[in-house]
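Student: What follows is a structure written as structure tokens; I'll ask about it next.
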Amino acid sequence: MQAIKCVVVGDGAVGKTCLLISYTTNAFPGEYIPTVFDNYSANVMVDGKPVNLGLWDTAGQEDYDRLRPLSYPQTDVFLICFSLVSPASFENVRAKWYPEVRHHCPHTPILLVGTKLDLRDDKDTIERLRDKKLAPITYPQGLAMAREIGSVKYLECSALTQRGLKTVFDEAIRAVLCPPPVKKPGKKCTVF
């Protein structure tokens, strides 16, 4: 059975642990407890192939910036996560997570994952964001970011309702088993 190491990164509180717990146990966890490091393992079938999927959770908080990369060696695929209702976490994909992952693992495939899909249409959440002159991240915005960082796929999911959840991990496995041609991140040409 092929073993695949999948490391999940992203800002604190975007839902990385909930994503993993909901996927591996079919239950949504209760309160928020920041992660240091956790590993989960799941035996799954994708396209008729059995795979042992090793899932590595990481801490998004800055305090762990020096510790986190210790989980990066031998990673087969990264999930860079952001919350669809946190524009700051979305901006950090470009500012922090993509550069960090690429620095340590220049050729490892990346999937960009928008979490908390159930909250994008939630009236209270939209209202809270509007009060700060912000709005949830749209699908086209996520897709544009995925293209910019050369992500293999852009996916959205909800760990609470499990909508799109299985697809995230199936596509992560496919990115390793049948790698697409290498995409270079979009380069911008500026003429003065």
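Even glycines carry a Cβ here, placed using N, Cα and C.
Checked Swiss-Prot, it gives:
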- 10-17, 57-61, 115-118: GTP binding site (BINDING)
- Tyr32: O-linked glycosylation site (CARBOHYD)
- 32-40: motif 'Effector region' (MOTIF)
- Lys166: ubiquitin cross-link (CROSSLNK)
- Cys189: cysteine methyl ester (MOD_RES)
- Cys189: S-geranylgeranyl cysteine (LIPID)
Student: On the three-state reduction of DSSP, what should I expect for the residue listed as 'ubiquitin cross-link'?
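Tutor: It is helical.
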Student: Distance check, please: Cα of Leu117 (GTP binding site) against Cα of the residue listed as 'ubiquitin cross-link', rounded to an integer number of angstrom.
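Tutor: About 14 Å separate the Cα atoms of these two residues.
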Student: Can you grab the distance from Lys16 (GTP binding site) over to Lys166 (ubiquitin cross-link)? Cα atoms, rounded to a whole Å.
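Tutor: Here the two Cα atoms lie 14 Å apart.
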Student: Can you check which residue among the recorded positions Lys16, Lys166 has the largest number of Cβ atoms within 10 Å of its own?
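Tutor: Per the Cβ count within 10 Å, the most buried is Lys16.
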Student: For Thr58 (GTP binding site), just give me the three-state DSSP call.
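Tutor: The residue in question, Thr58 (GTP binding site), is strand (DSSP, three-state).
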Student: So of Thr58, Gln61, which of the binding-site residues has the fewest other Cβ atoms within 10 Å around its own Cβ?
Tutor: Gln61
Student: Could you say which of the binding-site residues Ala13, Leu117 has its Cβ with the most other Cβ atoms inside 10 Å?
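Tutor: It comes out as Leu117.
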